[in-house]
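Down below is the structure, laid out as structure tokens.
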Amino acid sequence: MAKLEVINHPLIQHKLSILRRTDTSTKAFRELVNEIAMLMGYEVLRDLPLEDVEIETPITKTVQKQIAGKKLAIVPILRAGIGMVDGLLSLVPAAKVGHIGMYRDEETLQPVEYLVKLPEDINQRQVFVVDPMLATGGSAILAVDSLKKRGASNIKFVCLVSAPEGVKALQEAHPDVEIFTAALDEHLNEHGYIVPGLGDAGDRLFGTK
Ligand code: PRP
Ligand code: URA
């Protein structure tokens with residue numbers, strides 16, 4: 001079963017509470033999503049391989065560590081995943097960015113894929129799929145299906161708010177995909193929204209409602 005890691009650093013919990021509030025503006029929402037994604041990055045990127053490098057300090061030559069330069073890809077699920085990209089890129093600026101466009105049919109809650117644009121060498125990259133919300137899990141599962149179909153095999157999923165239903169579904173469908181979340185909420189309501197959640201992440205991020 002894939003590991004679930006709840007990254008609940010006090011700074012993240014504080015920012016997440018502001019993010020959830022109805023009276024948080026679009027501008028603040030956007031900034032907070034990026035900040036939380038960046039703070040989560042410390043944990044999400046914990047396994048980055050290091051290599052030895054010989055350097056010279058003012059005192060002596062010494063062998064120290066540097067990031068081994070493993071190839072990374074950040075893949076936001078559109079639209080809302082876009083909000084998390086810059087925060088992670090600020091930590092790993094050389095990462096490539098792919099896009100998977102997907103929306104949930106409001107009646108069936110089933111995800112509909114409308115765009116897939118990935119780095120050509122996605123099969124050689126450590127992939128971080130990002131989306132603020134893991135609700136039923138349908139979008140995350142389809143995004144990982146899509147990536148695996150195109151050769152990706154080393155995939156982690158990063159979200160801000162998750163529902164137990166979505167975590168379970170993603171773990172069952174893709175037991176190899178580690179899940180990072182800033183909060184594990186209570187449940188889904190009858191419309192498939194996370195409770196307490198933060199509402200519709202895409203609309204709040206882009207001010208479309
Ligand atoms: C939201 C969210 C996820 C999805 C999660 O996207 O950003 O992609 O719902 O729900 P699920 O786990 O039940 O699939 P939405 O469908 O609202 O599209 P948008 O980001 O374009 O608004
Ligand atoms: N998508 C959202 O944006 N919010 C939810 O609560 C569930 C799915």
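All residue numbers here begin at 1 and follow the chain in the order shown.
For all residues, glycine too, the Cβ spot is worked out from N, Cα and C.
Taken from TrEMBL, the feature 5-phospho-alpha-D-ribose 1-diphosphate binding site covers Arg79, Arg104, Asp131, Pro132, Met133, Leu134, Ala135, Thr136, Gly137, Gly138, Ser139, Asp200. The uracil binding site annotation in TrEMBL covers Ile194, Gly199, Asp200, Ala201. What TrEMBL lists as domain 'Phosphoribosyltransferase' is 6-208.
Features recorded in TrEMBL, as mapped to the structure shown.
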| residue | record | DSSP (3 states) |
| --- | --- | --- |
| Arg79 | 5-phospho-alpha-D-ribose 1-diphosphate binding site | coil |
| Asp131 | 5-phospho-alpha-D-ribose 1-diphosphate binding site | coil |
| Gly137 | 5-phospho-alpha-D-ribose 1-diphosphate binding site | coil |
| Ile194 | uracil binding site | strand |
| Gly199 | uracil binding site | coil |
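Residues Ala135, taken from the binding-site residues Arg79, Asp131, Ala135, Ser139, are distinguished by a CB atom under 6 angstroms from ligand 2. For the binding-site residues Ala135, Gly137, Ser139, a Cα to Cα distance of within 10 angstroms from Ala201 (uracil binding site) holds for none.
Using a 10 Å radius centred on the Cβ of Ala135 (5-phospho-alpha-D-ribose 1-diphosphate binding site) and all shown protein chains, the other Cβ atoms total 26. Ranking the binding-site residues Gly137, Gly199 by how many Cβ atoms sit within 10 Å of each one's Cβ puts Gly137 at the top. The Cα atom of Arg79 (5-phospho-alpha-D-ribose 1-diphosphate binding site) lies nearest to that of Asp200, taking the binding-site residues Ile194, Gly199, Asp200 as the candidates. In this view, Asp131 (5-phospho-alpha-D-ribose 1-diphosphate binding site) is surrounded by 28 other Cβ atoms within 10 Å of its Cβ, with every protein chain counted. Proximity to ligand 1 at the level of Cβ atoms, with a cut-off under 6 angstroms, picks out Asp131, Met133, Ala135 from the binding-site residues Asp131, Met133, Ala135, Gly199. Once the Cα atoms of Arg79, Arg104, Asp131, Pro132, Met133, Leu134, Ala135, Thr136, Gly137, Gly138, Ser139, Asp200, the listed binders of 5-phospho-alpha-D-ribose 1-diphosphate, are compared pairwise, the greatest separation found is 17 Å.
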